[in-house]
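Trainee: What follows is a structure written as structure tokens; I'll ask about it next.
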């Protein structure tokens with residue numbers, strides 16, 4: 001195997017890692033508060049406001065309904081505003097995050113809703129404020145589920161990042177399309193696929209291990 | 001000076017057309033153990049939610065240590081709730097925290113400095129007999145141990161009042177006894193006022209000094225436990241609740257009961273004795289004095305709220321007016337349930 005191909009794959013792996021990691025972090029930073037809001041504003045939540053909860057849910061679903069490739073193009077002006085350019089790895093992080101935030105929000109919402117409401121009542125009755133309930137009950141109790149959901153989000157991001165090649169973001173998926181699909185270089189494509197499989201398997205294994213470590217039942 | 005820890009005055013709560021609490025009034029003095037009993041839907045949960053300030057009554061006042069919690073603003077409610085310890089039926093321990101971590105939570109909420117917490121937690125663990133279990137996770141504990149953690153957690157901030165919501169309903173009989181003993185011990189040693197909400201009369205019998213019976217949102221009995229158990233007449237609800245723990249005429253015998261005394265037959269009576277009389281060998285006294293035979297068919301002598309109390313179904317031969325008069329000196333509410341004719 002040529003040195004060139006190895007360099008290409010190493011660079012692409014690094015680009016994918018950066019894109020997935022950065023947009024993953026942003027997905028949690030944006031998605032978790034959204035999920036908490038959606039749960040808290042439910043009729044039986046910490047600050048009930050069902051109309052707002054429904055509106056928020058609708059916005060989240062609209063974002064999730066837009067195909068990623070379309071989102072990528074629609075967001076070009078926004079990306080240019082934030083990053084300064086609409087091309088490259090850094091530029092891809094903007095649409096990737098915006099797709100991942102509502103995705104993770106919905107997944108996190110499920111985990112947060114699964115927390116026993118009696119625990120929330122127990123801490124309310126102890127004199128816990130809303131913030132204490134979020135910090136000491138909702139997040140820690142939902143944590144194994146949140147970690148599992150985050151793992152799924154990272155893997156979905158890995159898949160989506162292949163399309164980010166369309167804006168010159170690079171990464172493994174982009175490499176596979178350009179060399180494998182467009183230039184019929186089966187060797188590179190197979191290698192990339194193997195790397196992707198390992199990449200995804202490592203994320204899933206790490207996620208499972210962490211989630212199990214946090215689960216105490 | 002108001003010595004009552006809790007004063008509930010004319011509290012009503014409605015949910016739509018359904019009346020959950022209807023003009024409920026009672027008070028609990030410091031150091032008392034009040035049992036609140038009722039069938040499901042009698043208003044126990046509504047009362048509990050009002051006492052814990054999770055819900056506001058539509059009318060009436062609830063005073064905890066003289067403070068009306070129905071009018072307190074949210075911010076003050078938060079600090080008031082820290083004066084009430086809650087023990088839950090399903091323990092409600094956080095699975096994400098260790099035993100010590102669970103007990104630490106109310107301390108953290110109340111703003112106890114980090115450095116002071118370990119000492120307090122160790123003392124609480126010792127109090128509930130779990131000194132060695134601080135580092136375990138709740139999932140590793142048995143039901144009884146979980147409830148001990150629940151009690152330790154409820155006591156963390158030295159509450160003025162301990163509210164137990166069906167605290168033993170999810171436990172097996174042996175564990176129930178151990179938990180009730182622990183609650184009685186805490187009551188004795190810390191002088192803590194306790195309200196027990198339950199549907200199990202047995203729980204009340206064992207440790208409650210006072211009893212409130214709820215039915216359809218109204219209070220039908222409110223008196224010392226012993227007085228209610230020994231009363232000549234009880235409301236039908238109370239009777240129904242009591243019947244599960246009271247001695248009954250064995251069914252085979254009940255079929256043979258007749259209303260009129262029969263020659264050579266026995267009388268079946270129900271006798272209830274409270275206080276010292278319950279310990280006395282009344283039946284052998286009866287035998288010696290009147291030359292009759294008497295034996296206990298069902299029931300026995302137990303303690304209710306620390307007082308001896310006998311509730312027995314007794315069969316007596318040669319039952320006559322003198323014997324009846326002799327026995328009614330001790331139990332004015334004595335009932336002749338019927339007579340069993342001799343076998344021919």
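Placement of Cβ uses the backbone N, Cα and C atoms for every residue, glycine included.
What TrEMBL shows for this protein is this:
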DOMAIN    A:13-204  domain 'ABC transmembrane type-1'
TRANSMEM  A:18-40  transmembrane segment
TRANSMEM  A:52-76  transmembrane segment
TRANSMEM  A:82-105  transmembrane segment
TRANSMEM  A:142-168  transmembrane segment
TRANSMEM  A:188-210  transmembrane segment
Trainee: Near the transmembrane segment (A:52-76), which same-chain residues lie under 8 Å Cβ to Cβ, leaving out any that are not at least 6 residues past its ends?
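Mentor: Those are 34, 37-38, 41-42, 45, 86, 92, 94-95, 98-99, 101-103, 105-106, 160, 163-164, 166-167, in sequence order.
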Trainee: Who are the long-range neighbours of the transmembrane segment (A:142-168) in its own chain, taking Cβ under 8 Å and residues 6 or more past its ends?
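Mentor: Long-range Cβ neighbours of the transmembrane segment (A:142-168): 16, 19-20, 23-24, 27-28, 31-32, 68-69, 72, 76, 79, 86-88, 91-92, 95-96, 99-100, 103-104, 107-108, 110-112, 114-115, 174-178, 196, 199-200, 203-204, 206-208, 210-212, 214-215.
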Trainee: Which residues of the chain, 6 or more past the ends of the transmembrane segment (A:18-40), have a CB below 8 A from one of its CBs?
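Mentor: Contacts with the transmembrane segment (A:18-40): 46-47, 53, 56-57, 60, 89, 92-93, 96-97, 100-109, 112-113, 130, 134, 138, 146, 150, 153-154, 157-158, 161, 164, 169, 171.
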